[in-house]
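Database features (TrEMBL):
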type	residues	note
TRANSMEM	17-36	transmembrane segment
TRANSMEM	76-96	transmembrane segment
TRANSMEM	108-127	transmembrane segment
TRANSMEM	172-195	transmembrane segment
TRANSMEM	207-232	transmembrane segment
TRANSMEM	283-305	transmembrane segment
TRANSMEM	317-339	transmembrane segment
TRANSMEM	345-367	transmembrane segment
TRANSMEM	374-390	transmembrane segment
TRANSMEM	396-412	transmembrane segment
TRANSMEM	424-448	transmembrane segment
TRANSMEM	454-480	transmembrane segment
Amino acid sequence: MEERESETSNKKKNKPWAFWSWAFASVIFRLILAYFPRNLNFSARPEVSTPLTSFRRLAEGYWLKQSSMSPYAGSMYHGSPLLLSILGPLTVRRYLWTSVNCSDVKIVCRYFILVFVIADFVTAMLIRSTGLNLQMAYNQSLKSLGLVRLLENSELILSGDIAALVYLWNPFTIISCVGLSTSPIENLVIMLSLYGACTRRVPLAAFGWVLATHLSLYPAILIVPVILLLGYGPDAPPRKLLLQKFRESCSCDCSSQDKEQTSLHKELANQSVQPMLFSWKPVVFFTLWACMWAFYVLVLCAISVKQYGGLREMFKRTYGFILTVEDLAPNIGVLWYFFAEVFDFFRNFFLIVFHVNILFMLLPLAIRLNHRPCFLAFVYIAIASMLKSYPSVGDLALYMGLLGLFINELAGKISIQLYADMQLSFFLFCGYVGVSLLSPVMHNLWIWRGTGNANFYFATAMAYACLQIILVVESVGAMLNHDRKLRKLSATAA
């Protein structure tokens, strides 16, 4: 027994060193790939760069601004003017004219990529810290339900470490970083919001949510899980289960015990099992801080675009560009093909249908998963990345990292009695690998070789969307199944 305890203690000591070694190895791997920008050329891939995240468009917008023209002239740049002011100076003197064809511009990204490497690393650390908070809250909930034996008889995996490494070593994360997509910046501010809400750092949560909404609009729907995190706290078993346990612990037979013993028993019960009540105070503070940060962002944007049409022009060129789907260049989404084929008479109707479809899913999911706000944020991000106008693989990288936070619940690592594995996990893995390999091939056959058509590439986009739907349905079903089994164990323990 002593040998086993020493072995387990040695493993626990070695785990942090293993995590940091793998984390720094991912940073070194990104820096190595930065020395091969011409051979890889990920920045030209439609799966990586979109009209909103393309580094080339950002460089073009900054060049227009330096030439005393509007950065939104010519329909090239459609991002935030604040992002243009921060990252734009890094694009100066980063152009190299080739001797073969002077019309081609190659971007030297060996120094610029450091920004995205740092953003990825900070995002992974925020995911890790969020995972630690979630695991501590979940362990406390199991103790409150009287299921301490599940924690003693199981070897829990540090979900924060796993999720952070999944994000750092995800091929899509690496491709987005090396491909000079601004998706790492968007993922960073989203995680700032979730981490601030999970730790109840209200100013940080409001700052991250406002910036994320300003950069890509779709993170605005994350206000629902952020409010739930601030009001209820991190993910926990269903509140009905805790309330039932609380009532059972408070009910005792007064005839068999004295009044003093009964009151003492109730006090101990109140300390061990407490129902979670919604706290409005952090939510009100979040609203005030969000209004303040939004005001600051609008003021800075107004100063930046004062000479180029003001805020009205900025809204039209950024959020209007997102909502109207003006650019029909191929990407891994499904909207570009649909609106290329639909009649102009029905265009506005289907624009409303696609965008409102996201909003229709918010309320039912929030009602069913209100006790798991972080998992709800993962579901919202996955749905938005599936139905957004200009998706990229950087969106997949974020919600795959968030999915790793729930490995103990979804993979049955707590106990075999709580085993709620995702049945189609192997199919999903093979599907994502297949789509990743077929998408460049179909794009090459259609655009460059001319032996295919748009249906070739759109087929991979449809497969990608179907995989995302299956992932969301499977993960939600597995989490709800885990909660049902948890309810049964709590009933038997009582």
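All positions are counted from 1 along the displayed chain.
Glycine is treated like the rest: Cβ placed from N, Cα and C.
Counting same-chain residues at least six beyond the ends of the transmembrane segment (283-305), those with a Cβ under 8 angstroms from any Cβ of the stretch are 70-71, 80-82, 84-85, 197, 202-203, 205-207, 209-211, 214, 226-227, 230-231, 311, 313-314.
Contact between the transmembrane segment (108-127) and the transmembrane segment (424-448) is not supported: fewer than 3 Cβ pairs lie under 8 Å, counting only residues 6 or more apart in sequence. Only pairs six or more apart in sequence are counted, and the transmembrane segment (76-96) with the transmembrane segment (454-480) gives fewer than three Cβ pairs under 8 Å, not enough to call it a contact. Residues of the same chain lying 6 or more positions beyond the ends of the transmembrane segment (317-339) and with a Cβ under 8 Å from any Cβ of it are 46-47, 50-52, 72, 75, 78-80, 216-218, 347, 350-351, 354-355, 386-393, 439, 443, 447, 454, 457-458, 460-462, 464-465. The stretches the transmembrane segment (424-448) and the transmembrane segment (454-480) meet in space: the count of Cβ pairs below 8 angstroms, excluding pairs fewer than 6 apart in sequence, reaches at least three. Same-chain residues lying 6 or more positions outside the transmembrane segment (17-36) and placing a CB less than 8 Å from one of its CB atoms are 109-110, 113, 117, 120-121, 124, 128, 158, 161, 164-165, 168-169, 174, 177-178. Sequence-remote contacts of a segment are chain residues at least 6 beyond its ends whose Cβ falls under 8 Å from one of its Cβ atoms, and for the transmembrane segment (172-195) they are 26, 29-30, 33-34, 37, 40, 42-43, 45, 47-50, 52-55, 58, 79, 83, 87, 107, 109, 112-113, 115-117, 119-120, 122-123, 126-127, 129-130, 201, 204-209, 211-212, 215-216, 219, 222, 225-226, 229, 374, 377, 381, 392-398, 400-401, 436.
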